[in-house]
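This report concerns only the one structure given below.
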Amino acid sequence: MPWWTDALYWLPRGVSWSDMYNKTTEPGYMYPHYSHLWMTVLTGISLIIYRFVFENYIFVPLAHFLSRKNPPETRRGTLDREKKYSRMAECAMRALYYTISFVCGLYLVLHESHLYDITECWRNWPFHPIPNAVAWYYWIQGGFYIALVFGILFLDAKRSDFWQMLVHHFITLALIGVSWTMNMVRVGTLILVSHDAVDILIDVGKILRYEQFETALTICFAGVLFVWVATRLVYYPFWIIRSVWFDAPALIQDDYEWLNFDQQPQAPRFIMLLLTALLILHIFWAYILFKIAYDTIQEGVVDDVREDFDEQSLVNREKAKQQNKNKDD
């Protein structure tokens with residue numbers, strides 16, 4: 001086996017891979033193994049197919065049906081509308097997935113002790129047998145982020161935060177892979193569930209924006225701001241990261257020092273690096289959200305600065321700003 005797979009770099013002092021893998025479990029439970037990560041690749045391929053089918057054969061035709069009473073008058077209008085339908089279908093596909101994922105994830109952790117006492121993520125770690133349903137939840141989540149990376153690189157229109165989104169998805173995939181290998185699945189599920197909540201509202205808000213439902217969009221955007229701050233700027237750093245930094249060493253290896261890089265294992269430091277990078281991205285997007293909120297108050301237009309760099313969207317934005325300026329005059 002490669003040197004980097006040595007348990008010395010991954011597990012607490014005195015614990016080997018065989019100690020975990022040879023543990024017997026009750027029916028319906030399992031211990032994670034890195035070989036299981038192939039399931040994320042298979043589910044990723046399945047979700048790419050799911051996206052193609054749902055977008056092209058369900059959501060785009062549905063958008064056509066709902067807009068049939070207002071046909072475009074020009075060829076340019078037809079092209080613009082088809083482009084809008086495609087983007088709405090993309091948002092609808094993601095919103096549907098996030099909704100199902102959030103509901104299922106919440107159901108899986110709702111009766112688990114570590115949802116209410118996060119120190120249960122570390123007590124007796126890594127000897128935490130994982131319910132098969134949680135394993136599938138983890139694999140599907142990993143597969144979904146593989147599908148998102150594929151979409152960003154080959155399918156989606158390029159957005160202003162293209163690189164940030166790509167980095168975010170790779171960080172998430174790395175966290176899923178490493179946490180599965182180390183059996184830090186308990187804390188991983190808490191992160192995934194809490195992050196899915198706001199993603200539902202973001203994609204629903206984009207659909208409302210495309211359809212120009214201004215009142216509903218404003219309400220949805222207020223919900224995005226509230227849930228974003230609650231889950232990604234409060235719960236994530238002050239509950240999850242704080243527990244990883246303080247509780248985990250105290251309950252697993254009490255002499256562990258994060259900044260003593262000669263001390264093993266090293267994998268927790270890699271996880272902390274990824275968690276911190278994710279938090280930085282959360283702060284970056286929070287800045288964008290509050291910028292949108294400020295512009296909305298000043299100009300009366302809820303606009304998503306993450307939308308596509310295309311001539312038409314820029315023209316529409318400038319028109320809206322000019323109209324509001326004329327009203328003020």
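Glycine is no exception: its Cβ is also placed from the backbone N, Cα and C atoms.
Feature annotation from Swiss-Prot assigns domain 'TLC' to 86-298.
The secondary structure of N22 (N-linked glycosylation site), as reduced to three states from DSSP, is coil rather than helix or strand. Of all Cβ atoms in the shown protein chains, 9 besides its own fall within 10 Å of the Cβ of N22 (N-linked glycosylation site). Residues annotated as N-linked glycosylation site in Swiss-Prot, with experimental evidence given as evidence: N22.
Summarising the annotation, Swiss-Prot assigns transmembrane segment to 41-61 (among others) and lists sequence analysis as the type of evidence.
Residues annotated as transmembrane segment in Swiss-Prot: 95-115 (among others).
Among the features that Swiss-Prot reports, transmembrane segment is placed at 134-154 (among others), with the record citing sequence analysis.
Counting only same-chain residues 6+ beyond the ends of the transmembrane segment (162-182), those with a CB under 8 A from a CB of the stretch are 10-11, 32-34, 36-37, 40, 126, 138, 141-142, 145-146, 148-149, 152-153, 188, 191, 267, 270-271, 274-275, 277-278, 281, 284-285. Residues or ranges marked as transmembrane segment in Swiss-Prot: 162-182 (among others).
Feature annotation from Swiss-Prot assigns transmembrane segment to 187-207 (among others); the stated evidence is sequence analysis. Sequence-distant contacts of the transmembrane segment (187-207), counting only residues of its own chain at least 6 positions beyond either end whose CB sits under 8 Å from a CB of the stretch, comprise 87-88, 91-92, 94-95, 98-99, 101-102, 105-106, 108-109, 114-115, 118, 121, 134, 137-138, 141, 175-176, 179-180, 217, 220-221, 223-224, 227-228, 231-232, 235-236, 240, 243-244, 304, 307.
What Swiss-Prot lists as transmembrane segment is 221-241 (among others).
Non-local neighbours of the transmembrane segment (270-290) in the same chain are 161, 164, 167-168, 171-172, 174-175, 178-179, 182, 184, 224-225, 228-229, 232-233, 236-237, 240-241, 244-245, 258, 305-306; each lies 6+ residues outside the stretch with a CB under 8 Å from one of its CB atoms. For 270-290 (among others), the entry in Swiss-Prot reads transmembrane segment, with the evidence type sequence analysis.
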